[in-house]
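So that you can see what the record holds, here are the features copied from Swiss-Prot:
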| type | residues | note |
| --- | --- | --- |
| BINDING | PHE22, ALA56, PHE57, GLU58, ALA80, VAL81, ILE82, PHE113 | 5-amino-6-(D-ribitylamino)uracil binding site |
| BINDING | ALA85, THR86, ARG127 | (2S)-2-hydroxy-3-oxobutyl phosphate binding site |
| ACT_SITE | HIS88 | active site, proton donor |
Amino acid sequence: MNVIEGNLVGTGLKIGIVVSRFNEFITSKLLSGAIDGLTRHGVSDNDITVTWVPGAFEIPLVAKKMAESKQFDAIITLGAVIRGATSHFDYVCSEAAKGVSHAALTSGVPVIFGVLTTDTIEQAIERAGTKAGNKGWEAAVSAIEMANVLRGLA
């Protein structure tokens, strides 16, 4: 029996990060967590490319372009969508998630969904480096593992 598993060795991996400027007080913390997670696992600063976009809705297009460029072993998407009084939250969350998934499936490159979708600002803060850890860091570790899984399948 063959078992293919990813590992958490980031040495030599090239990682793209797409991060939303909207709710930057949260997304900047997610970005710091992601970069910390990548570098602690051996990814060189020179092998990390960060691209800022206006909001979560714009993330999928840039993630897809980066993935299709074949310059990256994985793409991490980071954003923070916080529920408001209208249904706008539902549309943005749904389309961001669908778009990120589509980018991965059409490009064959892992595109990791690190977009927070929370009901409150407090929940977002908790997931950006306090009580609930840093979801940017978790997305970075997932990106490394998935890049290595795909290398194992090649």
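Each residue, glycine too, has its Cβ placed from N, Cα and C.
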Cβ atoms other than its own within 10 Å of the Cβ of THR86 ((2S)-2-hydroxy-3-oxobutyl phosphate binding site), all chains, total 8
Could you tell me which three-state DSSP class PHE113 (5-amino-6-(D-ribitylamino)uracil binding site) falls into? strand
Between ALA80 (5-amino-6-(D-ribitylamino)uracil binding site) and ARG127 ((2S)-2-hydroxy-3-oxobutyl phosphate binding site), the C-alpha gap once rounded to whole angstrom: 10
Taking the Cβ of VAL81 (5-amino-6-(D-ribitylamino)uracil binding site) as the centre, how many other Cβ atoms fall within a 10 Å radius? 25
What three-state secondary structure does DSSP assign to ARG127 ((2S)-2-hydroxy-3-oxobutyl phosphate binding site)? helix
Whole-number Å distance separating the Cα atoms of VAL81 (5-amino-6-(D-ribitylamino)uracil binding site) and the residue listed as 'active site, proton donor' is 10
Which residues does ILE82 (5-amino-6-(D-ribitylamino)uracil binding site) neighbour through Cβ under 8 Å, counting only same-chain ones at least six apart? ASN23, PHE89, LEU116, THR118, ASP119, THR120, ILE121, GLN123, ALA124
If you count the other Cβ atoms within 10 Å of each Cβ, which of the binding-site residues PHE57, PHE113 comes out on top? PHE113
